[in-house]
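Below: one structure, written as structure tokens.
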């Protein structure tokens with residue numbers, strides 16, 4: 001089966017998703033990017049000697065650029081039946097679109113909460129950075145998994161997959177995110193266990209009560 005990013009972008013292709021679903025997916029992804037920018041500048045506390053791998057940095061840009069192109073490639077204007085969906089209408093939203101949106105915002109909110117918890121580990125009550133040391137986080141989803149922010153990321157991509165389920169290329173992006181986040185969570189989990197002797201035995205890596 002040809003990839004949607006090619007098939008949906010050709011003149012002979014059929015429309016994959018409605019304009020409303022396209023706009024919804026783009027809105028949710030944009031909202032996530034904006035929140036991450038805010039967290040980077042105003043919430044997270046990075047170590048003085050912390051450095052990001054250049055390849056990892058570049059992959060991040062490639063990933064989000066690919067996500068945007070993938071979503072837009074399935075928009076009706078790229079297909080031969082664009083006239084079928086002339087307007088953006090709320091009535092085009094399906095039950096799964098609504099459930100997916102609720103799931104997205106639930107995960108989106110908890111990812112923000114976990115970022116705040118991590119940032120506060122290095123701050124005092126007045127919000128001043130007082131240490132560069134790593135501490136064991138507690139509260140919210142940290143009570144169940146070591147990397148709740150990665151779990152939230154997976155849930156958000158699952159919700160986008162529910163909206164873009166007809167876009168084959170998006171399935172590959174979701175699979176990439178799933179594998180990447182689980183691998184990162186396991187590495188963090190093993191680090192936590194080796195660094196903190198008091199690490200709770202019932203706290204899993206990324207999937208509560210399972211993994």
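Glycine is no exception: its Cβ is also placed from the backbone N, Cα and C atoms.
Note: TrEMBL annotation is automatic and uncurated.
Here the domain '3-oxo-5-alpha-steroid 4-dehydrogenase C-terminal' (96-211) is broken down by DSSP into helix, strand and coil counts: 73 helix, 4 strand, 39 coil. Residues annotated as domain '3-oxo-5-alpha-steroid 4-dehydrogenase C-terminal' in TrEMBL: 96-211.
Marked as transmembrane segment by TrEMBL: 16-34 (among others).
The annotation transmembrane segment is assigned in TrEMBL to 54-75 (among others).
Annotation source TrEMBL lists transmembrane segment at 87-109 (among others). Away from its own ends, the transmembrane segment (87-109) comes close to residues 18-21, 23-24, 28, 31-32, 35, 151-153, 155-156, 158-160, 162-163, 165 of its chain (Cβ-Cβ under 8 Å, at least six residues beyond either end).
The feature transmembrane segment is assigned by TrEMBL to 141-158 (among others).
As annotated by TrEMBL, transmembrane segment applies to 170-192 (among others).
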Positions on the same chain near the transmembrane segment (141-158), where near means CB under 8 A and six or more residues out: 28, 32, 103-104, 106-108, 110-111, 113-115, 117-118, 173-174, 177-178, 181-182, 184-185, 188-189, 192, 199, 203-209
Intrachain residues whose Cβ lies under 8 Å of the transmembrane segment (170-192), provided they are six or more past its termini: 3-4, 63, 66-67, 70-71, 74, 136, 145-147, 150-151, 153-154, 157-158, 160-161, 164, 199, 204-206, 211
Confidence summary (mean pLDDT) of the domain '3-oxo-5-alpha-steroid 4-dehydrogenase C-terminal' (96-211): 92
